[in-house]
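Enquirer: One structure, pasted below without further comment.
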Amino acid sequence: MSMFKVSLICSLLLVVFGAARGFLGRGDAFRRKVSVELNPGLAPPLSLPPGVGLVHLRGLGDNDTLHFVLCNAGAPALLLVHSNSTRSAVTVDWPEFINSSSAGSLRVEPESSVTYSSALVFTRLWEYDDVNNTADPQKAAESSFYPPYELQNFVWSELNTTLNQSEHTVVLCGGEKTQSFSNGSLCLQVSVFESQGRDEAWPSLLHNANSSQLRVWINGVTPRGNNSRFILEFQSVGDAGFQSRVDMRSSIDDEYTPSIFKVSEWVSSPVNSSSVWGFSQWKPVAYRKARPVFEDATACRHSELVFVNGTPPSAVIQAYFTHNTRIYGLNISFGLAEDPVFYDATKYISWTVLMGLGDPPSDSFSPLIIIIITVGLVTPLVFIILGGVFVCVRKRTSQSTAYEPIN
């Protein structure tokens, strides 16, 4: 009986940990080989004027290529182009690009290999005096808004000083020549990934090899009011054959982003189709310190999606998109209603968004949580089965050893 029970326990444990191992083995194993290039194709005697530069981040797959291009000329923008060729390349007609950013001066060749293109452009930074502490720009009086900061007029840092080849990241910082930005800046950090993973820093968005990450922060900017809050305005540019919508998904797990159970997804689909070709994804949370603790988190909300007429004032957008485009605009506002902590308290706010190809990554439980759930569900079942087996064996043993009269 003892050997039977031991064998049964071992079998059940193998089932439990086999199931857990099956869960742990799942995941996105797709990888890309990422390379980073500054000002592709630029050669002497050509040189760039101050404040003009391109960074090309290339993700090479087994049978396709994903191109990301960051430009600091005009309003900062990140361009995404997918090609079904492993030999595709970014080519720039530098004289045309420098002089007028004329349409077609930046291309991905062969052009016939391009299947999808989109871009995110950061156009304005708004500031308003939230005297009623609603953290809702829609409820703020028009007179409480200050003139917006036009990001196309910012003086941006040189890209070659912040390019990290090994980490596949680049940081772009800029500001106005005004008192507000005398000791402050608005910065964007772009990261491109070889495989699935997460940043250690909150909000720890799940990324994959088809996505890039933009982290935006405002640091040290002197507010123009005692109760100032900021709004980031940005636009999505894509081909005319695509339409956009913003979806909100809920989750039962806040393991990676404490107290946040929702994720917003700005997705792009072909007209008259629900299939997703591209996305921007973020969680409705921002942070008031560079190294935040739980208390440094604050809410952020997005406005309604609106259709925008006119090309954004960005050199890379004007240089790449040669055909009809469809442009949408969205605002992200920061702050929580009735929160006594305004921007002036820390003079810092950060927000993170993913931009990528295909369906947005979807959060799932971590390996630790899966093991805990599996063991928690199966352990009671093990004891029930063992109890039943023990009772049955004990009963049979009692019957077989009972006194039987001799005929």
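Glycine is no exception: its Cβ is also placed from the backbone N, Cα and C atoms.
Swiss-Prot lists these features:
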type	residues	note
CARBOHYD	Asn63	N-linked glycosylation site
CARBOHYD	Asn84	N-linked glycosylation site
CARBOHYD	Asn99	N-linked glycosylation site
CARBOHYD	Asn132	N-linked glycosylation site
CARBOHYD	Asn160	N-linked glycosylation site
CARBOHYD	Asn164	N-linked glycosylation site
CARBOHYD	Asn183	N-linked glycosylation site
CARBOHYD	Asn210	N-linked glycosylation site
CARBOHYD	Asn226	N-linked glycosylation site
CARBOHYD	Asn272	N-linked glycosylation site
CARBOHYD	Asn331	N-linked glycosylation site
MOTIF	403-407	motif 'Lysosomal targeting motif'
SIGNAL	1-22	signal peptide
TOPO_DOM	23-368	topological domain 'Lumenal'
TRANSMEM	369-389	transmembrane segment
Enquirer: Which of the listed glycosylation sites (Asn84, Asn99, Asn132, Asn210, Asn272) has the least company, meaning the fewest other Cβ atoms within 10 Å of its Cβ?
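Expert: Selected from the glycosylation sites Asn84, Asn99, Asn132, Asn210, Asn272 on minimum Cβ neighbours within 10 Å: Asn272.
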Enquirer: Can you tell me how many other Cβ atoms are located within 10 Å of the Cβ belonging to Asn164 (N-linked glycosylation site)?
Expert: 12
Enquirer: So among the glycosylation sites Asn63, Asn160, Asn183, Asn226, Asn331, who's got the most Cβ atoms within 10 Å?
Expert: Asn331
Enquirer: For Asn132 (N-linked glycosylation site), which of the glycosylation sites Asn84, Asn160, Asn226, Asn331 has the nearest Cα in space?
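Expert: Closest by Cα distance to Asn132 (N-linked glycosylation site) among the glycosylation sites Asn84, Asn160, Asn226, Asn331: Asn226.
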Enquirer: Looking only at C-alpha atoms, tell me how far Asn183 (N-linked glycosylation site) is from Asn226 (N-linked glycosylation site), rounded to the nearest Å.
Expert: 18
Enquirer: Relative to the Cα of Asn84 (N-linked glycosylation site), which of the glycosylation sites Asn63, Asn160, Asn164, Asn331 has the closest Cα?
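Expert: For Asn84 (N-linked glycosylation site), the spatially nearest of the glycosylation sites is Asn63.
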Enquirer: Using DSSP and collapsing to three states, where does Asn99 (N-linked glycosylation site) fall: helix, strand or coil?
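Expert: Going by the DSSP assignment, Asn99 (N-linked glycosylation site) falls within a helical segment, counted as helix.
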